[in-house]
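Trainee: What TrEMBL shows for this protein is this:
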- 6-236: domain 'RNase H type-2' (DOMAIN)
- Asp12, Glu13, Asp145: divalent metal cation binding site (BINDING)
Amino acid sequence: MEKKKLFVIGVDEAGRGPLAGPIAVAAVAAPILLSAQKIKLGKKTNFENRRCGRAKFAKQILGISDFQNLVFLDNIKDSKKLSAKQREKWRKIICENFECRTVLVGPKIIDKIGIRKATALAVAKALRKFNLRNKKGGPDLVLLDGSISAPQRYNQKTIIKGDEKVPLIAAASIIAKTCRDKKMIRLHKKFPQYCFDKHKGYGTNLHYKMLKKSGPSSIHRLSFLRSRFNKNERNISRTISQSIAKARF
């Protein structure tokens, strides 16, 4: 049976909600063999069959007849369901067998344009890093998790809970998470007073405690702090209040 090779890219993010540090977007690309008689790209597909496994689900939405080149992702899980040690093990497997690209967008840009646009910017930059080009000038299909979207020129599908259903998106979630965690550990060495190595910038009790003690740093998202502390004014410190008041978004 005639087959053709298509390049499919899975995309996910890590660090959308923390109070500090960048947002990370990862894209993982795989060449996949499709039967020439299978569905055309862009055709609406039923995503509702949640009883099938991730690999079977991906076959269904892509029309894949030969899925063997994704055998490395068998039993992969969303990064949130893995320990740090497990994520690192998967990161090595993914990077050894697939093309991966990551982009970090920092807190200053997040404060300036908002988290949604910052995420979209990171997605666009990650996809531009690939040299996988079809006649239309881009990958054949981009699969994105949740509410993420790619520039309109890409043939794309956004899948709710895609990191739980599609192996390539799960792989992207792991790459994004491990990349961002390593960045936050490096930032911990520069700003040890905030204990970024423990909470990675998320709004834990420890992080709030350190914020009240030291005030925000240059890598905190002041727009996020303003939103969080305005909901509970009695917990706001003078240092944080002054920093937020001076911030220009």
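Just so it is clear, glycine is given a Cβ too, placed from its N, Cα and C backbone atoms.
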Trainee: In this structure, which of the binding-site residues Asp12, Glu13, Asp145 has the fewest other Cβ atoms within 10 Å of its Cβ?
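Mentor: Selected from the binding-site residues Asp12, Glu13, Asp145 on minimum Cβ neighbours within 10 Å: Asp145.
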Trainee: Would you list, in sequence order, the residues of this chain other than Asp12, Glu13, Asp145 that have their CB within 8 A of the centroid of the site's CB atoms, where the site is the one recorded for divalent metal cation?
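Mentor: Going along the sequence, the neighbours come out as Val11, Ala14, Val25, Ala26, Leu144, Gly146, Ile148, Gly162, Asp163, Ile169, Ala172, Ser173, Ala176.
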Trainee: Kindly assign Glu13 (divalent metal cation binding site) to one of the three DSSP-derived states: helix, strand or coil.
Mentor: strand
